[in-house]
Amino acid sequence: MAPRKKLKGLVAATITPMTPDGKINLPVIRQYVDYLVNEQDVKNVFVNGTTGEGLSLSIQERKQLAEEWMCQGKDKLDHVIIHVGALNLPECQELARHAAAIGADGIAVIAPFFFKPTNRDELVAFLQKVASEAPEVPFYYYHIPPLTGVKIRVEELLDGIRAQIPTFQGVKFSDTDLLDLAQCIHKNETGEFEFLYGVDEQLLGALALGANGAVGSTYNYLGRQTNLMLQAFAKPDFALAQQYQFLTGEFLNFVIKLGFGVAQTKAVMTSVSGIPMGPPRLPLVAASSEFIVKAKAKLDSIVWPNGD
């Protein structure tokens, strides 16, 4: 692989904008890119993942979205990571080849979650078959056991991984098992791998353990505040970093009690950014008007340490 800039800091797990009749809304992505860069100071994206409803999209839709993000992000975004996971190997491989062809900065794959791998060797064999279709593209394992049900520890996965997957670059770690994350980082003494944490409300804890950065949905609309948390942590000003984390948690705790998922994330992003994200795709249903009103009121009520 050619030398590359290390991926660190915040990565927005992108939402898939849709029209009112449920089709992907590609023209919105130009505005979306500019909003992330100019308003949230977020210059890395993770496309077609959970927040992007990737597994609810057709292969053709996923390719179109990947192409549009690459096109609109050119000279504006630092990294465009394309999630190419699917329920079957041929589709994963097709998406990996496509991501490589359009110049993606990385690809990521979840574990298949209907017929599941039951041990490390089975999982690595699957990942290797996908990664080999994009032999010049950095490869990330997307670890999200709450959704996949695949609970193979990442610590175990890492042993000898580069020998089997030379392009292996790191992990999108979307689990609350900080012991597993800590053991991964402890093993990564040379810093060859990147560990990007995916549970937004626990990011500060992951940073304390040595996570390189984060991939999450809240960075679409709370990226600026979370960047200030990262700056405070780096100073170090732990008390200030805590304030930012606690306030993010206060908002998420509030909306989780109301029922918070991808559909509600789309509604919050629409409200905050003014960019129409549209409805989710069935079986998800649109956020209620009651949720939108309450979530907006809660977010507007938060006074951040920077005075916002």
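From the backbone N, Cα and C atoms, a Cβ is placed for every residue, glycine too.
The feature pyruvate binding site is assigned by TrEMBL to T51, V215. Every protein chain shown contributes to the tally, and the Cβ of T51 (pyruvate binding site) ends up with 25 other Cβ atoms within 10 Å.
For Y142 (active site, proton donor/acceptor), the same-chain residues lying six or more positions away in sequence with a CB closer than 8 A to its CB are G49, H83, G85, A108, V109, I110, V171, K172, S174. According to TrEMBL, the feature active site, proton donor/acceptor maps to Y142.
Look at TrEMBL and you will find K172 tagged as active site, schiff-base intermediate with substrate. K172 (active site, schiff-base intermediate with substrate) counts 28 other C-beta atoms within 10 Å of its own C-beta, drawing on all protein chains shown.
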Across all chains shown, how many C-beta atoms besides its own are within 10 angstroms of the C-beta of V215 (pyruvate binding site)?
28
